[in-house]
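K.L.:
Okay, handing you the structure first.
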Amino acid sequence: MESNKMVVGVLLIAAFALPALALFERDVITHETIEAVLKKSTPNSNTMLQEDAINALTGKTLISQTILEETLLKNGVVGGSIPCGESCVYIPCISSLLGCSCKSKVCYKNSLALPTLEKDVITPEALEAVLKSNGGAIVNTKTIISNAIFEETLLNNANHVLGGIPCAESCVYIPCLTSAIGCSCKSKVCYRNSLALN
């Protein structure tokens, strides 16, 4: 009886440790992600798939959300704002239906938008303010992203220097469009009063 308990204990440890160690050698997906994709693709259905069906349909190994999150922390993987509960080592993100995309072998929501300090972006609100200030005559060559993503980007860029009130626009290559409403460029971000706070 004791040997049975020991075998069960070893199997439990292996079940939790092995997926974490092998996460970036194969593709995995969580139950929560499968549920979200199913709800998005068939909103009126209460379909739940068994583990073997998920593996067969997706080509990905089922893993718990806890193990995935622990593995991401241990491997120092960061990308977008929200991990989508799926890796993309060999197989593209199934959660792309939910707005997720692949970065550093992990599917993230907003992973393309988050490194915004590498390209020029502006929020709809900032663009609208600029348009109102100059009578609607402007050519926008910046990528439009949500205010929430822009704010999260400021937090995720640890090397970023704050100075003034962010005007919801970056100025990596293109000057601040929001200069029309009193903003200026500092550390790749347009700020109101950025010169006064230097």
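Glycine is treated like the rest: Cβ placed from N, Cα and C.
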K.L.:
The disulfide recorded in Swiss-Prot for C88 goes to which of C84, C100, C102?
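P.N.:
Disulfide pairing in Swiss-Prot: C88 with C102.
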K.L.:
Under Swiss-Prot's annotation, the disulfide partner of C183 is which of C167, C171, C185?
P.N.:
C167
K.L.:
Which cysteine out of C107, C190 is the one Swiss-Prot pairs with C176 in a disulfide?
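P.N.:
Answer per the record: C190.
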K.L.:
Looking at the disulfide bonds in Swiss-Prot, identify which of C93, C100 pairs up with C84.
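P.N.:
When Swiss-Prot is consulted, C84 turns out to be bridged to C100.
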